[in-house]
DNA sequence: ATGTTC
């Protein structure tokens, strides 16, 4: 058999590439180029950019990819299991003591409770990274107390058991060092290469991946518990979704692999799409069957400026102190000044436009908008 | 994103 005919045999139709974003949602050209590069990987069937699409390290963030026959741990990235959890807090928003909480609340270092017992309650095995369980982490991670700004769909809101006058707690965090260790072990052998799905190595990765997803969910639950202990309120978990993962899915009669890289699920019920700490967050309910968007939604506002650019530009215009309050009069706990600048609201795109794009694409309906009361980042001053 | 930079 000639080389040419072999290539013909192996050739598969190009993957579908789709960017779901209106012209008003500016998307960097580099992010689209990254999306197209991923679409050319062997086995790829679809590459979908959501309205918060932005460039990442090799692969774009705010995107979902489906493949057949093999999958790519590199596309999931290091923070396997990262996602958003929402809690209904048993406290009226008007009873908030945001200023006092901002000075007292502390969620740092290893939890001094029964970590193993907590994991057992969550049905998760220990990983060896329990020293970080119950910590928010860095970058864009946070724990945020919110009040209901407006209810847009009273029925869907009530079906979630929510009340307009009660506080909510949104936690964005992941698997800390655990996911990082799992990706590193893969990259050491395969770099950005994929795994043949029907192989022992693929099964071993998926076992570790699934553990990291469960551990990350437990991590968010422990962060929530520590915040709630700090403010002295009970709470009920309303939802918890993962936006960095790879999962099997039957589609068009074939077994496919759905990679989500900063993409919320459109097939697990309502999700929260957070803005920056100085913007509204949106509680939305998926609409439609998800086939045109790889069963995924935007996971946030998406960066407008790189971390370096944000530090430089925002330092010129704002003091660190002024950035601990927002236009919503909410408080920000972030004693690391660089992080305070990097994560300033000005560094992010407008969440309103991102959500409007999803509504206009027929992917979601807005259930409620949520406003920040207190955003917890870190007490640590290390830089 | 990262017990983050060996």
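Including glycine, each Cβ sits where the backbone N, Cα and C put it.
According to TrEMBL, the protein carries these features:
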type: ACT_SITE; residues: A:299; note: active site, GMP-histidine intermediate
type: BINDING; residues: A:140, A:141, A:142, A:143, A:144, A:243, A:244, A:281, A:299, A:300, A:301, A:302, A:377; note: GMP binding site
type: BINDING; residues: A:141; note: Mn(2+) 1 binding site
type: BINDING; residues: A:172, A:243; note: Mn(2+) 2 binding site
Neighbours of residue A:172 (Mn(2+) 2 binding site) among the binding-site residues A:140, A:141, A:142, A:144, A:244, A:301 (Cα to Cα, within 10 Å): A:140, A:141, A:142, A:144
Per-residue Cβ crowding (10 Å cut-off), top of binding-site residues A:140, A:144, A:172, A:301: A:301
Distance [Cα-Cα, Å, rounded] between residue A:244 (GMP binding site) and the residue listed as 'Mn(2+) 1 binding site': 13
In the chain carrying residue A:299 (active site, GMP-histidine intermediate), residues 6 or more apart in sequence that have Cβ under 8 angstroms from it: A:50, A:52, A:62, A:84, A:243, A:262, A:263, A:264, A:273
Residue among binding-site residues A:243, A:377 with least C-beta crowding, 10 angstrom cut-off: A:377
For residue A:244 (GMP binding site), the number of other Cβ atoms found within 10 Å of its own Cβ: 27
Euclidean distance between Cα atoms of the residue listed as 'Mn(2+) 1 binding site' and residue A:377 (GMP binding site), Å: 7
In the chain carrying residue A:141 (Mn(2+) 1 binding site), residues 6 or more apart in sequence that have Cβ under 8 angstroms from it: A:172, A:173, A:174, A:377
Residues A:140, A:141, A:142, A:143, A:144, A:243, A:244, A:281, A:299, A:300, A:301, A:302, A:377 [recorded GMP binders]: greatest CA to CA distance in Å: 20
